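> Features from TrEMBL:
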ACT_SITE  GLU317  active site, proton acceptor
BINDING   198-207, 231-233, ARG343, GLN354, 411-415, 440-442  FAD binding site
BINDING   SER207, SER253, LYS254, ASP315, LEU316, GLU317, ARG318, ALA438, GLY439  substrate binding site
DOMAIN    81-193  domain 'Acyl-CoA dehydrogenase/oxidase N-terminal'
DOMAIN    198-292  domain 'Acyl-CoA oxidase/dehydrogenase middle'
DOMAIN    304-451  domain 'Acyl-CoA dehydrogenase/oxidase C-terminal'
Amino acid sequence: MVRARRKQSSSAECIARNLDPGTELTSLFPTMSFTLRTGVNNLRFLKCSSGLCRPTLRSTFPVTSGRRYASFYNSEVAGLTDEEAEFRDTVNDFAQKYIAPRAAEIDRENKFPMDLHSELGAMGLHGITVSPEYSGLGLGYLHHTLAMEAISAASGSLALSYGAHSNLCINQIHRWGTEAQKKKYLEPLVKGEAIGSLAMSEPGSGSDVVSMTLRADKVQGGYELTGNKFWITNGPTASTLVVYAKTEPSKGSKGITAFIVERGWSGFTTGPKLDKFGMRGSDTCELIFEKCFVPEENILGQINRGAAVLMSGLDLERLVLSGGPLGLMQAAFDYAVEYVHDRKQFGQPVGTFQLMQGKIADMYTKMNASRSYVYAVARACDKGKISRRDCAGAIMYSTERAIEVAIEAQQCLGGNGYINEYPVGRIVRDARLYAVGAGTQEIRRMLIGREFNEELKRDV
């Protein structure tokens with residue numbers, strides 16, 4: 001059945017908005033066949049007999065060494081509109097054809113795939129929440145979460161770096177930056193020509209932000225940063241970093257300021273890349289500042305108001321990164337379901353055994369319950385109703401379910417689940433990151449409980 005066109009531009013059309021008018025995309029990337037033209041009121045997709053076609057992708061990348069498998073994602077059960085489903089499918093099509101075949105290699109070599117980062121930029125996916133005047137798509141946090149989910153289903157590590165770049169760095173500069181800062185930094189970041197990062201955690205302080213020790217001393221024309229940051233995603237490769245430092249240590253949270261720092265500045269170096277348990281290929285390292293001069297115009301937000309920049313960003317970070325566990329669950333579930341219906345024991349597929357059917361049912365309901373919660377919180381955020389406890393709840397719940405689903409999928413594969421020729425072991429390792437990254441599960445529980453306590457205090 002032919003799908004009716006909406007009056008507003010579809011988000012798949014928005015993917016092309018950041019390109020110059022008149023650009024003909026006979027190939028969106030060198031490896032894709034995707035005919036789309038851009039121009040004033042001239043965005044259109046190829047027509048086909050079944051209606052509005054999504055991109056036709058033709059990969060020249062090597063075929064995955066593992067098998068291809070179907071996805072049991074249901075956009076109607078997920079509650080997506082036609083436009084949201086089209087956007088999600090466009091990202092997912094690309095991710096499965098170009099990212100998934102390289103996921104094992106990225107994990108094995110622990111090397112960030114800059115070419116894929118650039119291609120995500122060419123699609124406009126780094127600037128989903130950025131307004132079109134800065135080369136963004138001008139969409140919302142649900143779309144951002146959908147992209148995070150689809151990329152995570154293909155490669156958890158690339159998605160983690162994508163989230164740190166697009167949400168923690170780009171979105172913060174877009175929300176808090178001056179006009180000059182936006183014009184200088186956003187376009188290369190959005191287009192995937194540069195890599196962004198956020199630096200909050202330190203060797204002695206993770207979620208305890210107030211105890212950070214990185215110092216910003218006032219000097220003529222700006223500030224000198226002295227100290228260290230640790231566990232910094234994209235740290236080894238980032239050219240633009242949002243860094244939080246103490247400008248007035250005696251004032252606690254009211255003495256923190258956010259700065260935009262560039263790689264190559266005198267006094268700023270990075271430590272060796274960390275050898276991590278999971279999320280390999282998402283580069284992580286220590287940042288070292290030794291009287292690194294940052295000009296005053298690179299203050300992000302206001303002086304001593306960095307906590308406001310940080311905390312408001314953390315809520316949205318938790319939401320968007322919730323797409324990570326969703327994607328990992330989908331990948332684990334999809335692989336396990338097909339595997340148990342191909343694998344035969346006692347003359348029949350193991351998926352027909354009642355115990356195995358019970359495992360599949362549990363994985364399926366955990367995944368869809370998590371997705372419903374995350375999407376609902378994302379829709380609320382898009383309406384301006386940002387709930388700290390629900391942003392924390394979304395990533396807390398989806399993380400625990402993702403670890404459970406990944407381990408259960410590994411069990412479904414039996415001995416094969418324990419060898420690296422199959423992807424579920426990597427998914428288990430990647431899922432574990434979300435229990436300690438972007439705040440620990442314990443901190444998320446504390447935030448939720450504290451929010452209720454604060455609400456009850458106001459009612460007294």
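The backbone N, Cα and C atoms fix where each Cβ goes, glycine too.
All annotation found in TrEMBL is predicted automatically rather than curated by experts.
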> Between the Cα atoms of LEU316 (substrate binding site) and GLY414 (FAD binding site), what distance do you get, rounded to the nearest Å?
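LEU316 (substrate binding site) to GLY414 (FAD binding site), Cα-Cα distance: 38 Å.
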> I need the least crowded one of these binding-site residues (LYS254, ARG318), counting other C-beta atoms within 10 angstroms of each C-beta.
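Among the binding-site residues LYS254, ARG318, the lowest count of other Cβ atoms within 10 Å belongs to LYS254.
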> Going by Cα-Cα distance, pick out whichever of the recorded positions LYS254, GLU317, ARG318, GLY439 is nearest to SER201 (FAD binding site).
GLY439
> Are there residues of the same chain, six or more positions away from THR233 (FAD binding site), whose CB falls under 8 angstroms from its CB, and which are they?
LEU160, SER161, ALA164, LEU168, SER197, LEU198, SER282, ASP283, THR284, GLY437
> Tell me whether GLN411 (FAD binding site) sits in a helix, a strand or coil according to DSSP.
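Note: GLN411 (FAD binding site) is helical by DSSP.
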> For the binding-site residues listed here, GLY204, GLY414, GLY439, which shows the highest count of neighbouring CB atoms within 10 A?
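That would be GLY439, with the highest Cβ count within 10 Å.
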> Other than its own, how many Cβ atoms are within 10 Å of the Cβ belonging to GLN411 (FAD binding site)?
14
> Check the binding-site residues SER201, GLN441 for other C-beta atoms within 10 angstroms of each C-beta and report the one with the most.
SER201
> To the nearest whole angstrom, what is the C-alpha distance linking GLN441 (FAD binding site) and ARG318 (substrate binding site)?
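It is 11 Å, counting Cα to Cα.
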> Could you tell me which of these recorded positions, LEU198, LEU316, GLU317, has the greatest number of Cβ atoms within 10 Å of its own Cβ?
LEU198
> Within 10 Å of GLY414 (FAD binding site) (Cα-Cα), which of the recorded positions LYS254, GLU317, ARG318, GLY439?
none
> Expressed to the nearest Å, what is the distance separating the residue listed as 'active site, proton acceptor' and GLY439 (substrate binding site) at their Cα atoms?
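Their Cα atoms are separated by 10 Å.
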> How big is the gap, in Å, between the Cα of GLN411 (FAD binding site) and that of GLY439 (substrate binding site), rounded to a whole number?
28
> Hey, how far is GLY204 (FAD binding site) from LYS254 (substrate binding site), Cα to Cα, in Å?
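Between the Cα atoms of GLY204 (FAD binding site) and LYS254 (substrate binding site), the distance comes to 20 Å.
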> Suppose you look only at the domain 'Acyl-CoA oxidase/dehydrogenase middle' (198-292); what would the mean pLDDT be?
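Here the predicted model's pLDDT, averaged over the domain 'Acyl-CoA oxidase/dehydrogenase middle' (198-292), is 94.
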> Can you count helix, strand and coil residues in the domain 'Acyl-CoA dehydrogenase/oxidase N-terminal' (81-193) using DSSP?
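Summed over the domain 'Acyl-CoA dehydrogenase/oxidase N-terminal' (81-193), the classes give 91 helix, 0 strand, 22 coil.
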